[in-house]
Amino acid sequence: MHFVCIYRFSTVSVVLKRQLQASRLLFTMVDSQYFLPNDIGISALDCTEAFRLLSPREKLYAHYLSRSAWYGGLAVLLQTSPESASIFVLLQRLFRKQPAAQLESMATAAGLSPEEYQAFLVYAAGLYANMGNYKSFGDTKFIPNLPKEKLKALVWQSQAFQDSPSEMEALWDSCSTLLFSLEDQQKQLGLGDKGVTTYFSGNCCLEDAELAQKFLDSKNLSAYNTRLFKNKSEEGKASYEVRLASAVQKGEMDGEGESRCGRYDFEDCVFMVSRGDYAYLMKKVSENLEKAKNHAANENQKRMLEEYAQSFTFGSIEAHKEGSRFWIKDKGPIVESYIGFIESYRDPFGSRGEFEGFVAVVNKAMSERFAKLVSSAEVLLPELPWPKDFEKDRFLLPDFTSLDVLTFAGSGIPAGINIPNYDDIRQSEGFKNVSLGNVLAVAYATQKDKLTFLDEEDKDMYIKWKGPSFEVQVGLHELLGHGSGKLFVQDEKGNFNFEQDNVRNPETGEQITTWYKGNETWDSKFSTISCSYEECRAECVGLYLCLNKHVLSIFGHEDEDAKEVVYINWLNMVRAGLLGLEFFTPESKSWRQAHMQARFVILRVLLEAGEGLVNLKESTGKDGRPDALITLDRSKVHTVGKAAIERFLCKLQVIKSTADVEGGRALYEGYSAVSDTGSHNFLRLRETVLLRKEARKMFVQANTRVKGHVELVEYEGSAAGLIRSFTERFADDAEEVEAHLLELNKRDAPCCGRSLKSV
């Protein structure tokens, strides 16, 4: 439980006193998982040297790509919650008028203690870092760790309020209730009564999502850049709007008919496909991509940017796929980037992509190691535990580079990426892998006193080898995890990409009876489990292949060092499985984070293997509170552990290849179950994990600006630094951007089940 705040009253009115007492009582009852702690880790992403080494042309290319990414990243506010965009604008107006240091005197005058003002800064930094008021890693809502009335008093004291009192009051009124609300449905993202989502209107449920997917499949339309809104019935028929993200808002354009805008009757329902979602933001994205094109290094980059601009202008996923093809062909660029509606983790149905865009500079030394791993891929792939018929006919050697991030716009920054996510391109044309080196350097540094659930003898070794072992895991996970495995497909002409009469299921020995048909994809077939299932498969590949001595030597690990890397990689995985319980919601029996669900599943598999491989025991800590200890028998990793992962990984791949949705759900949901029965009381362990959890770090990113030449503007690694980076990020057109964000938010309001007051 959170500590009780202490207030001093002097000339405060009786009414205000009662309000504050009520707020204080509420705060004693709120679970700390809905606050960001004042001592949360905040680090600056260092890209100074990488940026310095760029040529003037490369710096301009990186600058305009970054501008495009940052404008597009604002769409995530509208993809997260009904109130996120309004809160963002409120914060921008406060801090544009007064930087954090100046606003502090206003906070003191408003009655905030130093701790409460720091809590407000941390909340603001969290909203910027997550691009919304729900954690990007875990999808849990977070609220300011101070009473609502005190935050209101600060807003009223601010210069922004003094300059525009009616606008600031209207803005506060439009978002303050939801800003602090922790009603059960609003505690996490989810569909229907399971949580909050803006990928669907508030009146949509799982059945609506499934129907919409059938409709999209029938029209060969991707869900990646869409949202679904359920409207009033038309002539007794359910009516839906599928809204495409595009700068253009109305009508078909010459040469761009594949978006299929218009009205359709489908299964006794009406579907209207329209354009114009996030229109202003998509226009800014496209404009800056056109500017970047003038500084492109080669023809592939130019064509790539042309297709991306076409995609964001007209809402065409086909154009984005074409741009991705040119991106794959752009081998070894100095400035690497990708942009679009990419990952579907936060869509409750698992089909719609969240906007993200990154710009990064190649780290040549580290990239050499990944290049060696790529060159070994064709030797390593046959080592995976499934028959050759279940592997791609030809492994298309991808780029695999280590990058120092300059810009990563979206809800969070990963450690590694394997893209594009389009199945047809990945299967037949290839993909790229990137490891984000400067993210890894700061994200996974651990202090010994904050290491939970490990034996004291393991802690020093864990701190020493976690970074190197995670580097190996990321490389294998991205390249040979996401990059491996074949999908069995029957195309629209009836042709199969496998020998239907000869291929046998290695689990049963029987002929293959299920496969993907026509426009079906992995995401559309496996929907709600697709993201986590695939992350689990990739993590298992990493665990399995890190046992290979050749892999370890590629990363410079030999003999005893290699053994330590393997041990810590496996130990880190089972510990992560335990930590994953934080991201399970017992009330809805749902998981809020794909990777952590995957790691919990792996923990279950390794516990099930028995023979003392993994031991998990509940205990009492030195502080007298509940604790737990997880240990791994290193002598059994290569025997018991390898055999268990081998069996499980083969099952995962066979199910994925054969589009066996029923079997996949039974297997994966079975291992994902969290209960208080069986050999381990995971529900009770979840409470222990929550009691001892450490908040995820936030990152401060630099800005670029053109003043004759491109300058890199860096900020301190603090809440104030993170806030300042965002207020300066849109300094040139702040009022225009904020006005359009509010207008876009207002347009969404009727669909989100609430009204938005004029601001």
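Including glycine, each Cβ sits where the backbone N, Cα and C put it.
In TrEMBL this protein carries:
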type: ACT_SITE; residues: Glu478; note: active site
type: BINDING; residues: His477, His482, Glu535; note: Zn(2+) binding site
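Taking the features listed in TrEMBL, we show where each one sits on the structure.
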residue: His477; record: Zn(2+) binding site; Cβ within 10 Å: 28
residue: Glu478; record: active site; Cβ within 10 Å: 28
residue: His482; record: Zn(2+) binding site; Cβ within 10 Å: 21
residue: Glu535; record: Zn(2+) binding site; Cβ within 10 Å: 22
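The residues near the Zn(2+) site, meaning same-chain residues not in His477, His482, Glu535 whose C-beta sits within 8 angstroms of the mean position of the site's C-beta atoms, are Asn418, Glu478, Gly481, Glu534, Arg537, Ala538, Glu539, Val541, Gly542, in sequence order.
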